[in-house]
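**Student:** Have a look at this one before I ask anything.
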């Protein structure tokens, strides 16, 4: 394990037990800079003091494993004794209890060395205020992982722009925390002209989504045009200039499937849009069958592109790299096109 990966694990809230296993099995002895270690631990404490406390205790209890994985060097003006720092930190955090379920955290998800997404979320909250968009769900992480390994420009045809470059206009439906759109923008910003990031909850769009895009605001040349807006399926019209639709965990509620499928059909009726990609956690086969039936009624073809059921490597990678625990149910990615 190198130093960058170690900090990425901390900012993604990797459980201490799993982090310890990675340190113990690390075959390299990488350099760890004491001054950076202190800065990173302070950042972790600032956003999640209880998690910081559990990591500090784990490192103190297994000092020899930490020492085996890293060679600690002092590169600042003042020499820092790491274990003295950890001991003092643990004493300060001793009274810190488990966080309230409503507590917000800023989690930084690592999809690869170059794509790391910060998300402000409430990870212990399933739903509130009639929305499930306050936390990042497994299907969104799986979709992000899929898009990292399957080049966006190979997934959908693109239209030539006036400057001769070929770029996509992408629509995300049911964006929630916005992590799928953020992955696309970080990984493929040079291939994206316009990104519509939408959700049916106006309040969520104006608060949660806006906040997460602010957290990941990196100024680049020729930055895509990003639009955060409400899209209520069956009521609001879809943008007419889109090439690709993406969505994650939007098929969980059977009562909204007719409106969702109508929205997808409206998108695919546009001249430019040829493909919708949806990731779905398979909590109920009956809901999946209903989704397929609704698609069929509207002349849409629904095909499984990949699934954790059929590809053990996908499941292992998604579990180990993105959430560090078994999946609650299989996840599939569907391709929806016109029949």
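Placement of Cβ uses the backbone N, Cα and C atoms for every residue, glycine included.
So Swiss-Prot has the following annotated:
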type	residues	note
BINDING	137, 174, 175, 176, 199, 233, 248	S-adenosyl-L-methionine binding site
MOD_RES	177	phosphothreonine
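For each feature listed, report its degree of burial, its nearest neighbours and the pertinent distances within the displayed model.
**Tutor:** In the three-state DSSP reading, residue 137 (S-adenosyl-L-methionine binding site) counts as coil. Remark: residue 137 (S-adenosyl-L-methionine binding site) has 176, 248, 249, 281 as non-local neighbours, by Cβ distance under 8 Å and separation of at least 6 in sequence.
Secondary structure from DSSP puts residue 177 (phosphothreonine) in coil.
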**Student:** Would you mind pulling the longest C-alpha to C-alpha span across 137, 174, 175, 176, 199, 233, 248, which the record has binding S-adenosyl-L-methionine, in angstrom?
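**Tutor:** The widest Cα-Cα gap among those binding residues is 21 Å.
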**Student:** Please name the residue among the binding-site residues 174, 199, 248 whose C-beta has the most neighbouring C-beta atoms within 10 angstroms.
**Tutor:** 248
**Student:** Does DSSP give residue 233 (S-adenosyl-L-methionine binding site) helix, strand or coil?
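**Tutor:** It is coil.
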